[in-house]
Amino acid sequence: MAIRKYKPTTPGRRGSSVADFAEITRSTPEKSLLRPLPKHGGRNNAGRITTRHIGGGHKRQYRVIDFKRNDKDGVLATVAHIEYDPNRTARIALLHFIDGTKRYIIAPNKLKQGDKIESGAQADIKPGNNLPLRNIPTGTVIHAIELRPGGGAKMGRSAGASVRLVAKDGPYAQLRLPSGEIRNVDARCRATIGEVGNAEQSNINWGKAGRMRWKGVRPTVRGVAMNPVDHPHGGGEGKTSGGRHPVSPWGQKEGRTRHINKPSDKLIVRRRNAGKKRK
């Protein structure tokens, strides 16, 4: 993938860029793997906003991705196409298995049309193959990693993501995550070899607010710019600083909100470099 820059023909295009989509081999998705994806505008069943800054955007259909890859062990598959997926930053690969079934997977870097891949404990160590962690050599770069055996991939799924298998210790495998955290994961969990493709995606300059609206992202408004009815920092004559310590729209103090002493904390060998202090 490469980044194509626009000429500054308008203020919105000045400095903006777009992916060149050179790796895409088909523009229409596989119909049998499409599902409806209705929009909710960040609202729950009561109509209340539960996730802010969501709304509008282009209509999408969900592509069913095989995150488990545990029911086709030993069955060879051919990469039929590399496709665009509007629901994620990574590209997806359409696999044609020799038994006639079709599946989508996250497309790893350097995977191309016509490649042969497979799953299972005896699979080769090459990009796109899926194996249990206990069967992967130490030092291998992996992605699409399960947290529970058979639970489906949860980590390392976005564009350019890569996790390194640094050690194996009894029933656990130690992984170094992109954040710098080192974490134990059950060695029976599966992972895919290689790093996720489309790594240049993070370098795209969207150029104007309208392109984010096409993606379904609404503006983020500062609390001090609101009215008192809308935010604890709202109101005041002229420009004010809010008059209190930073809080959320619901009065929660600024800072980390994750509960400490979670059961999964014992699996963390070394924490990532924290940007904000715990409160």
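Cβ coordinates are placed from backbone N, Cα and C, and glycine is handled just like the others.
According to Swiss-Prot, the protein has these features:
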| type | residues | note |
| --- | --- | --- |
| REGION | 32-53 | region 'Disordered' |
| REGION | 225-279 | region 'Disordered' |
| COMPBIAS | 253-268 | compositional bias 'Basic and acidic residues' |
| COMPBIAS | 269-279 | compositional bias 'Basic residues' |
Is it possible to list how many residues within the region 'Disordered' (225-279) are helical, extended or coil according to DSSP? 6 helix, 5 strand, 44 coil
Its residues classified by DSSP, the region 'Disordered' (32-53) shows 2 helix, 5 strand, 15 coil
